[in-house]
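This report refers to the structure that appears directly beneath it.
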Amino acid sequence: MSASKTSWLLGTLLISILCFVSWKHSIIDVRGAFLLVGRGLLLLCLSTLMVSCFYPRLRSLFSSNIRPTSEYSEDEEAKQRQKQAREELQEKHSEKAFSYQESVLRPRQESSMRKKEERFYRMTGEAWKLTDGEQLGEGDSLGQSAQQDVDGTPNQEAVRRRKLPESATRLHPKPEATPKKRVVVLPEEPAEDAEGVVRVALRCPSGRTIHRRFLKSDSSSVLLDWLLKTGYDPTVYTLCTTYPRQPLVTGKDISMGDAGILTHTVLHVQEKDPSTT
């Protein structure tokens, strides 16, 4: 803007001087003088337009050509510092992620796997696999016997080590005959319009819901038989009411109505707490 203003002022001043001198020393009239002034102004406008268009490009071109090399070196150093800072930040993030995985995620996964394993062994009846077992033999350990009988012969030490527990020498009684497996037989499902009909829905841990109709006069123990026939052992799972969430009291002497099942009822199949069994 300053360059265009300066060029305008200089051009106007020169044209004014030129017009005045030419009009003073010539025989042109006033009309010719105005024509001369108009042509000069037109020439001045064209020259100003050309200067305003080409001056910034020429300036940027020359300034880029004479740019000092120190700026290049400063830019390279800044890029190197930024790259190093990014690498350090990435390394810190990687260390945090590794420490979080080792201290939080891995123990959580191991605990989850341990709980699943314990639940599996309890359901399959092989809970003994979760214990460390018992050491066979009686008396002191091998190290104590060796310290007490340092002067003993190898044969005597071998005899002491070969002591069998009392359970190995005692005669075991004959095992009793295993009881026969009980066959679960559910009562026939009554019709929907029968008198005293209640409808019960079981919400299983797998997410499915099972419906069945019973009579209010039926024993509430039929629900446990239904639970067993569904695939959930009553020794591991229990039936709970929806609200308030509490175990349902069942028994052979308790009917459906006495247990609180008077209308359409939803029961939840929930795993028993091992500490309460």
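Yeah, the Cβs are placed from backbone N, Cα and C, and that goes for glycine too.
Here TrEMBL flags 34-55 as transmembrane segment. As annotated by TrEMBL, region 'Disordered' applies to 71-116, 134-177. Summarising the annotation, TrEMBL assigns compositional bias 'Basic and acidic residues' to 78-96, 105-116. The compositional bias 'Polar residues' annotation in TrEMBL covers 142-156. Positions annotated as domain 'UBX' by TrEMBL: 193-269.
Sequence-remote contacts of a segment are chain residues at least 6 beyond its ends whose Cβ falls under 8 Å from one of its Cβ atoms, and the compositional bias 'Basic and acidic residues' (105-116) has none. The compositional bias 'Basic and acidic residues' (105-116): residue composition by secondary structure is 12 helix, 0 strand, 0 coil, according to DSSP.
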